[in-house]
Amino acid sequence: MTWRSPLALLRDAVLSQKAREKELRSLVSNLPFEGLGKSKQPNRFFKPNAIKTNKYTPLFFIPMNLYEQFHRLANVYFVGLAILNFIPVVNAFQPEVALIPICVIMFLTALKDGWEDFRRYQSDKKLNNMPCLIYSRTAKHYIERRWKDVRVGDFVKVVCNETVPADLLLLHTSDPNNVCHIETSNLDGETNLKQRNALPGLCTSNDVFEPESFNCTVVCEKPNNNLNHFKCFVEKPDKEKTGAGIESLLLRGCTVRNTEHAIGFVVYAGHETKSMLNNNGPRYKRSKLERRLNVDVFFCVLLLFIMCLIGSLGHYLWLKNLSDVPSFLVSDSKGHLDSPSLSSFYMFFTMIILLQILIPISLYVSVELVKIGQIFFILTDVDLYDEETDSQVQCRSLNITEDLGQIEYIFSDKTGTLTENKMVFRRCSIMGKDYPHKENGKDLSHFIHTFKNAVTQFQKVILYYRNIALCRKPTPKHNVSTSMLDSGDGVLGVVVIAFLHHQETQVIPDEKLLQQISRSERSSSGISDPYMDFFLALAICNSVVVSMATTQRQRVSLPKYFSVLVKRTGSFWKVFDSPKQNGSSTSAHKRSDDANGVQPRALDTVTLSARPAAASGDVCYEAESPDEAALVYAAKTYGFTLLARTPNSVTVRVPSGEELVFEVLDTLAFDSNRKRMSVLVRHPITGEYVLYTKGADYAIMELLGTPGQQKKIAADTQYHLDCYAKDGLRTLCITKKIVSSREYQSWLADRKRALAAIDGREELMMASAVQLETELTLLGATGIEDRLQESVPDTITALREAGIKVWVLTGDKPETALNIGYACRLMEEGDLVINMTSVVFQVTCVSILDCTLEEVRRYHEDPRNVDTTQKISLMIDGDTLAIALSPDLQDRFLDLAKRCRSVLCCRVTPLQKSRVVKLVRDKLKVMTLAVGDGANDVNMIQVADVGIGISGQEGMQAVMASDFAITRFKHLKKLLLVHGHWCHTRLANMIIYFFYKNAAYVNLLFWYQFYCGFSGTAMIDYWLMIFFNLFFTSTPPIMFGIMDKDVSAEMLMGVPELYRTGQGSGEYNFRTFWISMLDAFYQSLVCFFVPYLAYQGSDVDIFTFGTPLNTSSLFIILLHLGIEIKSWTVVHWIIMLGSVALYFIVTLAYSAICVTCNPPSNPYWILQNQMADPMFYLICIISTVVALLPRYTFYVLKNSIAPSPLIQAKHLDRMEPSVRDMWMKEWRSLRGGTEVKESRLSTPPSPTLETSVDFYPGFGDAASFVGEDMSLNVIGD
């Protein structure tokens, strides 16, 4: 290695820092400089590709870890006291002994940190040494190197199924169209394939890319963590610029799929890659209970200061009242004694050392252990396991489990959270005519009823295999699970799952629409027919990736035995593939299909085994959104099959069998501002420039042209859209536009300038898209059904009974959102629905808020409405919400919203979702939970106190941003009502007990100071004091915090009202803390003065007095915990008895072998002598009984005279299950009133505009609310 001067190294460091801080980077190829020194490399200022995530090195581990640990004030406090104990004038114990507790705690913490860091080091080493292919100018080909050898400016070749080692600008692929398919599951969890396009015009040949001929300059933006945006342009030697975006960037960590190889230019490496910039480590949130804990620790510090001050003043008064100097006060070398004031000052610090355990040193470690145990029970709960996806609940944030038991507001997304997000094409409107597709999306119950006969056919085969499994020795040939074969329900469940997937991708065509397409195809104007254009738009205007080279991905993999059964009994799909209708209808389908030449793909049978698409002759669609997949499959049903997609073309097979290749001129991707997507193509037959657009109705309707015929079609289509929305369908409008050649050329110039821009690229791209999307021609609209998930209504009803208010925040239309609100029991029949939609002016919003609040307050003031619950729901759209969230209206909006039982926000943006959650959290000071499944829910999830991600159909962005992840909304019920309640109750009671335990024990030393002149003397051997907190009484509270169960899971699920006990301040609050502290003072008084009075006037030594006192305190503290334990198990008995046994074994051994362990004191044979004295046992019994009698008596009287709901539920738990269930139903009916009864009703009908308008009793006259500009629409019976 060449020696370089320190000045040169410093200069390079400064230049590197400046180069990395520039907004734009200019990168060139490393090949011309290969073999030269580092100082001559053009890209030397940028980060290498090696990564380092571990914090420590073997040499500096100890000092760095100590530095990290001393960031915790508790460690600084205890180490400071240990050091203070080394000062002779203030020490209370042997200095070395005082270091033991804090050293043990810090050693265990360092051990944990070291192990975690070593695992990070191993992971980094494995990653840095992964192989990759880098082009070498010397070797003239790609050579195998390591990831850590990759540098900015290198050319890297990635082959199929390999991981991308750095952020690469894609220059060439093996695909003829220069397309590369990647999977980004390592980054965002999404398993669908994404398409990346190579930069055009850089290859001299379509087949070969020569890195040595690359003499361009790559200009890109400074590294950032945005995975969805990238700004870059490539400048050729002739100064021509070619823009590139995220569609040409391969991110580090992605996997190349369906592409033989891809070649890229390294733009970011190592810690500057987007994936590493997003690697922020584990999430950390402070729970509400932890914040309360820190406050009480401060109170303990204050209490310790008062006790030490009393000790210091007492020592001063004791010295002042001495008539002469006693012999035990030792003078210094000069024969002088310290003055009483100076001695009392020293005594203040001595008392701090003596009473330091009032601050629980091991509490934080114990809390962490308890949380780990609680998380283990959550993760292993089989009720939170989802068989369909083979996934369980995930705990991504380890320190807020107890917050699950204090939730007061839930904010939920709709699509994919309350619904399946598995889209079924239900209806469409073309040229103002509705086609209902009545056969699509039939109830699953109809299928199950039809399928029962098919299940019966399996019974003999199941019995046959069961006999084989039971009577013969298992062999590979007959490897069948008896547990699966024992039940026909297992077979039925598998088939139901398979049927649901079958329903998602298959569409039963509408007979009239088939005939219309056939007529359009035969007509001379078929090429430009609106019906043909409608389905061409469905097939073309999307981002669906088409693949025929890989096996189609299956959501469910069926068991092997099931495919065997299918082979033995024939294809059972015929049971539900044939529509249940009369023969004429079926034959009519057949005649229509044969006459029109349309293949009835919806009725094709499918096989259970996953076959390669190429072998089966079918294409495989990889869609980023289930909506797009549903539309593509719908187009395929009518004969418009999407066959291939490249960056420059789309191939569609039309019903006649002809394959049309459309040249793709540009794609205007969907964004949350435009709410639409467009694809500009050149028609292969007419040569016209055609723009196909799909998007939300309110975003499309304002862009339509104004011919007379279009007005009627738009009006009819809007009516159909409203009907679709009332039925709960997701709607989209489909349009077309013929672009003239002049308009296209003009627009193309603007588009190129936008693509090549670095600054303001998003704004320029948006402007160019809006410029083209005008004067559109409406073709029609679609309605897609997204079914509710299983048990969503029951879950919402239970959460409401638990005292949790549920808000739904969705981007859907008001009609769709309202329908879902009724279907999922967010709203009930008879509810007063305050409709605040389509409010344009702030004065109107103010009037509605003021009038509504006045009526709500009037309802509360009415004496007839005492102890009644208002059944009010609020519906508000995004535009009105933007007004209501303004600073001057926030308080009024919240005042109204908090009085509503539920709130439904529709047409809201992701930013508005997070603003609503933040407003409620900060203004109302309540615990909030946000649950969602998509990228648009990430902001909301991160803002809430607890974020829940649902791993659904929209990728894993929400899961990766969440604190907990579940697979179904129904799992929220048990996660909150059972595990949330248990986690909060256990941890709260454990922390209260910890404070009590330390206070009760340290007060024994404090009371003794009144009888030893406040000299800081301890009557208990210090080693035994250390053992008392570290060993004898440390395990029982941890066990208590992990395993205690006040009420069974069945009771908590059956009576959701029990969850209310944890809301607000919960079990751990100011009152319970100070009651436990007062109880600790009382018990310590009893524990101290019973032995004191028993030995008063005797000549027992100090340790003979302290040993029964120490033993009594052990029994009192453990039996106090026994009173608090709600459910005893074998583990409880073992740990409690084990702690007592450990105390006697260790103390007896210590007393036997330790003669001069704590000079000048002598603990030798103390406990042995005590155990031979009956007085010892009498003192222990009397002290324990008297100390615990008040608490025990209070609990007996309280639970007998005025039992809490939890105690009542505990009594019900002891009954027989049938009797208990009967009492649970009675309880819910009495406590929940009509709300519970309504929750058992069948699904209410969807509301319509013609629904009669009634006001809830007590809300005055309707005329006072209804106006032309201001209205309160109330939907009821």
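Placement of Cβ uses the backbone N, Cα and C atoms for every residue, glycine included.
The feature active site, 4-aspartylphosphate intermediate is assigned by TrEMBL to ASP413. Taken from TrEMBL, the feature Mg(2+) binding site covers ASP413, THR415, ASP933, ASP937. The ATP binding site annotation in TrEMBL covers ASP413, LYS414, THR415, GLU628, PHE670, LYS694, ARG730, THR810, GLY811, ASP812, ARG907, LYS913, ASN936, ASP937. Among the features that TrEMBL reports, domain 'P-type ATPase N-terminal' is placed at 43-97. Residues or ranges marked as domain 'P-type ATPase C-terminal' by TrEMBL: 959-1203. If you look up TrEMBL, you'll see 579-599 marked as region 'Disordered'. As annotated by TrEMBL, transmembrane segment applies to 73-91, 97-115, 293-318, 345-367, 1073-1095, 1102-1121, 1133-1155, 1176-1197.
Cβ neighbour count for GLY811 (ATP binding site): 23 (other Cβ atoms within 10 Å of its Cβ, all protein chains included). Taking every recorded stretch in 73-91, 293-318, 1073-1095, 1133-1155 and counting its Cβ pairs under 8 Å to the transmembrane segment (345-367), the highest total belongs to 293-318. Long-range Cβ contacts of the transmembrane segment (1102-1121) within its own chain (Cβ-Cβ under 8 Å, at least 6 residues beyond either end) map to 993, 996-997, 1000-1001, 1004, 1017-1021, 1024, 1028, 1032-1033, 1036-1037, 1040, 1083-1084, 1086-1088, 1090-1092, 1095, 1136, 1139-1140, 1143, 1147, 1161-1163, 1166-1167, 1169-1170, 1175-1176, 1179-1180, 1183-1184, 1187-1188, 1191. Residue with the densest Cβ environment among the binding-site residues THR415, ASN936: THR415, by other Cβ atoms within 10 Å. Within its own chain, the transmembrane segment (1133-1155) has Cβ neighbours under 8 Å at 1021, 1023-1024, 1027, 1031-1033, 1035-1036, 1039, 1107, 1111, 1114-1115, 1118, 1121-1122, 1162-1168, counting only residues six or more beyond its boundaries.
Here the transmembrane segment (1176-1197) has long-range neighbours at 1079, 1082-1083, 1086-1087, 1090-1091, 1094, 1107-1108, 1111-1112, 1115-1116, 1119-1120, 1123, 1170, meaning same-chain residues at least 6 beyond its ends whose C-beta is under 8 angstroms from one of its own. If you compare Cα positions, ASP937 (Mg(2+) binding site) sits closest to ASP413 out of the recorded positions ASP413, GLY811, ARG907. Note on the domain 'P-type ATPase C-terminal' (959-1203): its mean pLDDT in the predicted model is 92.
Counted within 10 Å of its Cβ, the other Cβ atoms near ARG730 (ATP binding site) come to 23, all protein chains included. The local packing around PHE670 (ATP binding site), expressed as other Cβ atoms within 10 Å of its Cβ over all shown chains, amounts to 19. ASP933 (Mg(2+) binding site) has ASP413 as its nearest neighbour among the recorded positions ASP413, PHE670, ARG730, GLY811, ARG907, going by CA to CA distance. Counting residues 6+ beyond its ends, the transmembrane segment (73-91) has Cβ neighbours under 8 Å at 98-99, 101-102, 105-106, 297, 338, 346-347, 349-350, 352-353, 356, 359, 361, 364 in the same chain. The binding-site residues near ASP413 (active site, 4-aspartylphosphate intermediate), taking a 10 angstroms Cα-Cα threshold over the set PHE670, GLY811, ASN936, are GLY811, ASN936.
The two recorded residues, ASN936 (ATP binding site) and THR415 (Mg(2+) binding site), have Cα atoms 11 Å apart. Residues near ARG907 (ATP binding site) in space but far in sequence (CB under 8 A, at least 6 apart, same chain), listed by position: GLY811, ASP812, LYS813, PRO814, ASP877, GLY878, ASP879. In this structure, the CA atom of PHE670 (ATP binding site) is 18 Å away from the CA atom of THR415 (Mg(2+) binding site). In terms of DSSP secondary structure, the domain 'P-type ATPase N-terminal' (43-97) contains 24 helix, 0 strand, 31 coil.
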